[in-house]
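Asks: Can you keep this structure in mind? I'll have questions shortly.
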Amino acid sequence: MSAPSNVVNTPPAIISIENIYLLIGFVVMFLVMRTLQDKGHPKKYSTALFWLLFGNVFLFGDLSISLLGKAITYQWVGVSVMIIALLAGFGRVSMGTYDTPSDEAKSHSAEKIGNKLFMPAVMIPIVTVICTLLLGDLNIDGWYIFDQRHLTLASLTLACGVALLIGWKFTSGSPIRALTESRRLVDSIGWAAILPQMLAMLGGVFIVAQTGTAIQDLVTLFISPDNRFMLVVLYCVGMALFTMIMGNAFAAFPVMTAGIAVPFLIQGHGASAAPLVAIGMYSGYCGTLMTPMAANFNIVPAALLDLKDKYQVIKVQIPTALTLLAINILLMYGVIFND
Amino acid sequence: MTDLNLLPLSGIAIVVLGFALRFNPLLVVTAAGIVTGWAVDMNFLALIETFGEKFMNSRQLASFLLILPVIALLERYGLQQRAQSWIASIKSATTARILSVYFVVRECSSALGLLSLAGQPQTVRPLLAPMALGAATNLHGELPKEVKDMISAHAAACDNIAMFFGEDIFIAFGAVLLMDAFLKENGITGIEPLHIGLWAIPTAIAALLVHLFRLARLEAKISREIAFYKSQPQTRLTEELS
């Protein structure tokens, strides 16, 4: 192998993002196999198909791009995504049956192992931070251990591996056992695991369709460019609302800031840009706390914690979110104008 | 102002409507994508390609799946039970105190850029929620399901709020770089990421004060809820039987 001629390319790494995707693919495929072996599973085949289509994208996505090209790969991935959505949409994805020990048995084992049981869980953040901060650029002759563009993710992957090994030592449960156990958690999260990627997809369509421009046009209809306070309210509330729809403040930020903040506040009233964008982004975060579209923050935890009401995390967050949104509006109005 | 084109907004209408009617979000989002593409006359094949491309390019969002095996293994061997009995051995630990300490540590560490130090799958489910529940059980005895859920939801909310409002102070975080890049792109100069990070501090402090105030009132709320559910043994019994 010759050295890469193009210096812009990322240097080769052992834990590269491509290898992490392969690893995720293998994990998902293992779960598919276990699902098919689950005799009491009420929706065995459709649940397995759901995860198989998802796992394919990780296992064969990059390979397919290099063999068949981008267009064909994106097409089969796009079709897979639509089937995934249909399977989830018509309730064909569900929990299976799991061999879980009783609470008494778990308490007994907890007493036996003691506080060592915390070790693997605590090791995940510690190893991640050490690798990110200290070992990040470790390399032998240009071959890096961690992907330089995805340093945290690569470190996290290594940390999970280390934690699995420590867990094996303390509990005598092997990594295969751990993978088998994880099906219970993955199934309880279910379709919500895929929603963040689906929203990234919708964001992509919105960019092509120039939805942002349409929102700007619409917003200008309701604006009186002289009323500073209403402009601030519109920008902050708009950030929160659009974030709630997109599930992500980063998607709302360019649209709302280009539509309201830059023309009306910065250019129109000479507002300071730094506090304007900082507080504007935080107004978006208030929206993130109030929407099921931010699935990995709001819906996944509800599933992980076995909450009866899937919106309960959101409900707990709403009072803090609304208070902070009001504070943001007053703060922004108080600090951005210089005259 | 004359030719206001609202067709690109049709996807947003679908999202709002789909939500209101409680359809599955994956279905709603896909439908919104298809309708938006159709409304702006996008070629169907090009639309599917856009779907595939964006889905492929956002695969890092699924990396939390890698954390689950070790958490699931530890839980099988009693991690949650251990967390609860450990907290029970600390007499001064209350639900509100545990959550408040976690909130402060989480917000400060994410202001230093240590976002991956904690999170819903790796700390809230295996450690924080069981500890918060353990402290309440210690004080009140066996908890009704409704109260358990409320405490767990508070644990999840603490992690989210503390992380969100700490992270923008850290100047190398994606959001700050995104804002910086946006301003430069729009010809607004003389702003450094440091300025943006500094202006994140007032809201970060407000978030800390607002949420700690709410947590300070949580103990009283837990007692109230428990008294409420204990006063209705009938309804609880029928619920358990059904």
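In case you wondered, yes, glycine gets a Cβ from its N, Cα and C as well.
Because the structure is a prediction, the values reported are computed rather than measured.
Pulled from TrEMBL, these are the listed features:
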TRANSMEM  A:20-36  transmembrane segment
TRANSMEM  A:48-68  transmembrane segment
TRANSMEM  A:74-96  transmembrane segment
TRANSMEM  A:117-138  transmembrane segment
TRANSMEM  A:150-168  transmembrane segment
TRANSMEM  A:189-209  transmembrane segment
TRANSMEM  A:229-253  transmembrane segment
TRANSMEM  A:260-283  transmembrane segment
TRANSMEM  A:319-337  transmembrane segment
Asks: Have the transmembrane segment (A:74-96) and the transmembrane segment (A:189-209) got at least three CB pairs under 8 Å, pairs 6 or more apart in sequence?
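Replies: Counting Cβ pairs under 8 Å (6 or more apart in sequence), the transmembrane segment (A:74-96) reaches the transmembrane segment (A:189-209), since there are 3 or more.
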Asks: Checking distant contacts: for the transmembrane segment (A:229-253), what same-chain residues at least six beyond its ends satisfy Cβ-Cβ under 8 A?
Replies: 195-196, 199, 202-203, 206, 215, 219, 222-223, 259-261, 264-265, 268-269, 277, 279-281, 283-288, 290-291, 293-295, 321, 325, 328-329, 332-333, 336
Asks: Would you kindly check A:20-36, A:48-68, A:189-209, A:319-337 and say which stretch has the most C-beta pairs under 8 angstroms to the transmembrane segment (A:150-168)?
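Replies: Of the candidates A:20-36, A:48-68, A:189-209, A:319-337, A:20-36 scores highest.
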